[in-house]
Amino acid sequence: MKSLKDVDKKVAELIKKEEKRQRQDINLIPSENYTSRAVREALGSVFTNKYSEGYPFKRYYAGNKFVDEVESLAIERAKKLFGVGFANVQGLSGSPANMAAYLALAEVGDTIMGMSLVSGGHLTHGSPVSFSGKLFNAVSYTVDPKTELIDFNEVAKLAKKHRPKIIVCGFTAYPRIVPWKKFREVADSVGAYLLADIAHIAGLIVAGVHTSPVGVADVVTTTTHKTLRGPRGAIIMTNNEELAQKIDKTVFPGLQGGPHDNTTAAIAVALKEASTASFKKYGVQIVKNAKVLASFLSKNNLRLVSGGTDTHLMLVDFGEKGPTGKEVQEALNRCGIVVNKNTVPRETRKPFVTSGIRLGTPAVTTRGMKEKEMEKIGNLIADIIGNRAQEKKLKEIAGQIKLLTTRFPVP
Ligand code: DSN
């Protein structure tokens, strides 16, 4: 067998370059992380060669003896880790998993209700540019403009007015704890299903630093990367036997063909890793780091949406008159700090420009960075923003960042 570099030098070189970039940059994108070598070995395994349409021990193809075992393992580990009765591990990623969950709970054209994009909701929570806003009648709730926390008066009012079939909670850019039970109360008041999307916070839930919606929401969806630190994939969970059957049928044959068995194997590995004591410590440290980073950004007069964070992520709002998120993202990137521009609750700019940035600590925490490094990074970020037009200063800061990253190897 020839190795990659013998078969395709170009791709091999690009992989090397990307490895170097990941080593040299400080990654503060809250939805990214570094998988372990074990996860990547499973991901690059021969399971990628197999077709296995169906579910364990009920397949449409022969040769699935070991696929059945590995998928059963992933399912059992997911059930145990999240304390749930049913798990489907075949969703290819977060958006397809949410689509499957919606179609299992509602019909096309029904009303769904989720957080608006600028308030921190995900595209699949009803944005008009996503399937969720095209296939369903989507109603959006927002955060309170003053506190920037979920406005439950508005949630309840909208639910009463629009009688949604599904209420979606769990967010992509909301830095505070999600009060699942308050959403449950609203859902019950209008007879709606409650769907919790824990893609961002699954690892925090496992570590016990965020409450779990299992047993509160009817259906829970998650991706397996982000804070959970697995491969890119998804899990859909429920305790309701009837919904479980609908979810399985909606994923396959409803929306997908053969599952990616190599991903399933890697999910099984990640779930094993996430069940260890060291993963719990990791989750606790993610939040400690986020709080310190947030406090140093604040000390440097950067305004944080809602004043801070309880989780792994935070949003900096530069306001209408400040720099754009795009501009800041580019200045930080030039110095080796990777973040993403992000809309903020009172956004006046386009989503490709924005007035804010989103930052998170899952990846830097995996590298072993702690409070001291967060203080340094917080100060460096403020320095970069303040000197974003000073090329010489930016170069000097880039040098400091390179020095810092060499001390914290990527797994
Ligand atoms: N794209 C992910 C994020 O960055 O939050 C959500 O799917």
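Cβ atoms here come from the backbone N, Cα and C positions, even for glycine.
Keep in mind it's a predicted model, so treat the numbers as computed, not measured.
Record features, source TrEMBL:
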type	residues	note
BINDING	Leu117, Gly121, His122, Leu123, Glu241	(6S)-5,6,7,8-tetrahydrofolate binding site
DOMAIN	4-381	domain 'Serine hydroxymethyltransferase-like'
MOD_RES	Lys226	N6-(pyridoxal phosphate)lysine
SITE	His225	site 'Plays an important role in substrate specificity'
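All features noted in TrEMBL, drawn onto the structure.
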{"residue": "Leu117", "record": "(6S)-5,6,7,8-tetrahydrofolate binding site", "contacts (Cβ under 8 Å, 6+ apart)": "Leu123, His125, Ser127, Thr343, Pro351"}
{"residue": "Gly121", "record": "(6S)-5,6,7,8-tetrahydrofolate binding site", "contacts (Cβ under 8 Å, 6+ apart)": "Gly114, Met115, Ser127, Ser140, Val168, Phe171, Thr172"}
{"residue": "His122", "record": "(6S)-5,6,7,8-tetrahydrofolate binding site", "contacts (Cβ under 8 Å, 6+ apart)": "Gly94, Asn98, Gly114, Phe171, Thr172, Asp197, Ala199"}
{"residue": "His225", "record": "site 'Plays an important role in substrate specificity'", "contacts (Cβ under 8 Å, 6+ apart)": "Ser31, Glu32, Asn33, Thr35, Pro231, Arg232, Gly233"}
{"residue": "Lys226", "record": "N6-(pyridoxal phosphate)lysine", "contacts (Cβ under 8 Å, 6+ apart)": "Pro30, Ser31, Glu32, Asn33, Ala199, His200, Ala202, Gly203, Pro362"}
{"residue": "Glu241", "record": "(6S)-5,6,7,8-tetrahydrofolate binding site", "contacts (Cβ under 8 Å, 6+ apart)": "Gly85, Phe86"}
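Maximum C-alpha to C-alpha distance over the listed (6S)-5,6,7,8-tetrahydrofolate-binding residues Leu117, Gly121, His122, Leu123, Glu241 is 32 Å. The number of other Cβ atoms within 10 Å of the Cβ belonging to Leu123 ((6S)-5,6,7,8-tetrahydrofolate binding site), over all protein chains shown, comes to 19. DSSP classifies His122 ((6S)-5,6,7,8-tetrahydrofolate binding site) as coil under the three-state reduction. Reduced to three states, the DSSP call for His225 (site 'Plays an important role in substrate specificity') is coil.
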